[in-house]
Amino acid sequence: MNVAANLVKVAKTQNILKLLTYLQLTAYLWPPEATIKDGACADFVIIGGGTAGCIIASNLVKHKNVSVLVIEAGGTGEFETQEPGLFPYTKNTDYDWKFKTVDNRNIQQGKVLGGSSQVNYMIYGNGYPADYDGWAATTNDSSWAFENLFPLIKRTEKVTDKTILDSPDVAFHGTEGKLRIKKYHSGINDGIFQAYREVGFNVLNDINPDNKFGVSNSYLAVGRGNRQSTAYAFLSPERDNPNLKVAYHSLATKIIFDANKRAVAVRVLTKDKKYITIYVKKEVIVTAGAFKSPQLLMLSGIGPKQHLESKNIKVVSDLPVGFARLSYSGYGLQDGSSTTCATK
């Protein structure tokens, strides 16, 4: 089948899924839409209900007498974001920011409650200890060190794979958390792993701090037949919590600072195209993604002084925000069979 025919097939499938969206089959999973008026106030305002924002909100609302407002530019996920096998059909839809690079390449990033954890390939993994220790050294803050983050990572996980549960590797994973993860096992991989062994690679049951180098089956954030986005795993259980409010289809356009450079309010463009100001008692938390977070900070006056002044933006803090973004290459090894194969 040629590329054009494939694109037509994808477009038809997306139209069918769009019709299912109108039925709101999964609406019961998500926090209801809050009505936020100009001048409203909250203890914590979280800008971006994405991968990180949902986890932070779910923890904050557990405290008594705390008000949490999540400002989310997108809406809620529907059938195609919950069904793991439908992830290819989320690209270039309303769930996608549809970013393009300067050379016109597409970059997918989630514009939906749960962010990119609602539209990605569901491959799950943790970083190397040295990565986290590097954060701690850069920020001069030991709370980012691996030994301090590791217990928190374990607390979020619920490994359901028997190959891990029945092995010493379970010590490196959580079993009581909310995010269900499991290994992807495929007979096709057996031949690939054997080839790796023959050229000297280690084939591991699990890649973890004790076994850093080798190849292994990937973890998937899938459980009980559902994509385990952070919206589904963490925020959905808090959907009826009175401390939580979510403003959908609302875009934060500026963080407002007082004379002491303390964030005191957020300017928001609502879904009915009106600008409102929301005041903050305690903290503004920016979790708007890899592209939108630095953009919002610069629009708010935090960024390189020369660049901000060239855009007539009042400088609040002269920092190199947005200028350390790097592209990392990833390669997907893919091949086909020389004969027709039956699968089940």
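Cβ coordinates are placed from backbone N, Cα and C, and glycine is handled just like the others.
Positions annotated as domain 'Glucose-methanol-choline oxidoreductase N-terminal' by TrEMBL: 110-133 (among others). Packing against the domain 'Glucose-methanol-choline oxidoreductase N-terminal' (110-133) from elsewhere in the chain are residues 30, 48-54, 72-77, 81, 84, 87, 90-91, 94-97, 144-146, 149-150, 153, 181, 207-209, 212, 218-222, 227-232, 235, 246, 248, 289: each is 6 or more residues past its ends and has a CB under 8 Å from a CB in it.
Feature annotation from TrEMBL assigns domain 'Glucose-methanol-choline oxidoreductase N-terminal' to 289-303 (among others). Tertiary neighbourhood of the domain 'Glucose-methanol-choline oxidoreductase N-terminal' (289-303): same-chain residues 47-48, 50, 73, 97, 99, 107, 109-110, 115-116, 252-257, 313-322, 325, selected by CB-CB distance under 8 Å and a gap of 6+ residues from either end.
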**Item:** Secondary structure tally of the domain 'Glucose-methanol-choline oxidoreductase N-terminal' (289-303) (DSSP, helix then strand then coil)
**Value:** 11 helix, 2 strand, 2 coil
**Prompt:** In the domain 'Glucose-methanol-choline oxidoreductase N-terminal' (110-133), how many residues does DSSP put in helix, strand and coil?
**Reply:** 9 helix, 4 strand, 11 coil
